[in-house]
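Peer 1: Quick one: the structure is below, questions incoming.
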Amino acid sequence: MADTPAPLPPLRETIRRHGLDARKSLGQHFLLDLNLTGKIARTAGDLSRGTTIEIGPGPGGLTRALLAEGAGHVIAVERDDRCLAALAELADAYPGRLETRAGDALETPLSHLGPPPRRVVANLPYNVSTALLTNWLSEIARDPTVAETLVLMFQKEVADRLVARPGTKDYGRLSVLTQWLTDARIAFNVPKEAFTPPPKIVSSVVKLDPRPQPRAPADPTVLQRVTAAAFNQRRKMLRGSLKPVSRDPQALCSAAGIDPTARAEALSVEEFCALARTLQ
Ligand code: SAM
């Protein structure tokens, strides 16, 4: 971007002046390292077009990086009203490029946040990170063009689940639903010390690119039911674990071309889709 922003105080100074002590109840772990916030922003690719959505900007460290990396229009959704004054100062430094929405991201569909192409970039609040992702996956299932990419910081153990392959201990319902709809990869890991205050465990930045078409056809609600049943009792064979969704799981599996004695973690995304189609 050609515009040179007005000088901003160091982020630590912004946090101090606005009294933004981190609150655990809001999952607040702030990023102050400019190299790291710049790297996260660049992972999202070209930020100049459409809308860059940031969930939970907090004092605005990552927001600064998004703007400095050329984001033309950032919409930042923040639940903590204490952060709004600091974000207003940032908006003044980048006139017309940062819009802050005070509110709960769990109640804000991506489709309501600016024109496409949209990309979501966020250091997510850990306590609601999987709930947010589940909402966004439901939106992507309805419209894969709702976001062109999502670059999201998760706890590493959640990130590992999102990209897990069949036959591994991390493979579960969230792996199937994520990989059904997106190409998912871990971009890089982030040590605890990078955050203020540091969380208990390592984090990972994940890049999710919604696929133009899901990996295989299936109704989202039926696929959710099948995966929930199968993984709720992941040690049982499918002929047992699928009883909550089918009166005759053995016949269901056979009709879908799946071994009824297999366990949930052995099935590929495509095989879960086959089960969902047969059930329907
Ligand atoms: N982006 C900042 C950074 O990287 O330093 C802060 C990230 S901090 C991990 C998570 C942020 O999400 C906090 O600012 C918190 O107030 C905000 N937050 C928590 N729950 C939220 C919700 N339901 N909707 C919107 N923001 C939320």
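Glycine is no exception: its Cβ is also placed from the backbone N, Cα and C atoms.
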Peer 1: The S-adenosyl-L-methionine site in TrEMBL lists His29, Leu31, Gly56, Glu78, Asn123. Which one of Asp46, Asp92, Asp104 belongs there according to the record?
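Peer 2: Given His29, Leu31, Gly56, Glu78, Asn123 bind S-adenosyl-L-methionine in TrEMBL, the matching entry from Asp46, Asp92, Asp104 is Asp104.
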Peer 1: Max CA to CA distance in Å over the S-adenosyl-L-methionine-binding set His29, Leu31, Gly56, Glu78, Asp104, Asn123?
Peer 2: 21
Peer 1: Ten-angstrom check, please: count other Cβ atoms within 10 Å of the Cβ of Leu31 (S-adenosyl-L-methionine binding site), all chains counted.
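Peer 2: Leu31 (S-adenosyl-L-methionine binding site): 21 neighbouring Cβ atoms within 10 Å.
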Peer 1: DSSP three-state call for Glu78 (S-adenosyl-L-methionine binding site): helix, strand or coil?
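Peer 2: Reduced to three states, the DSSP call for Glu78 (S-adenosyl-L-methionine binding site) is strand.
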Peer 1: Are there any residues in the same chain, six or more apart in sequence, whose C-beta is under 8 angstroms from the C-beta of Gly56 (S-adenosyl-L-methionine binding site), and if so which?
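Peer 2: Same-chain residues close to Gly56 (S-adenosyl-L-methionine binding site) (Cβ under 8 Å, separated by 6 or more) are Leu26, Gly27, Val77, Glu78, Arg79, Ala105, Ala122, Asn123, Leu124, Pro125.
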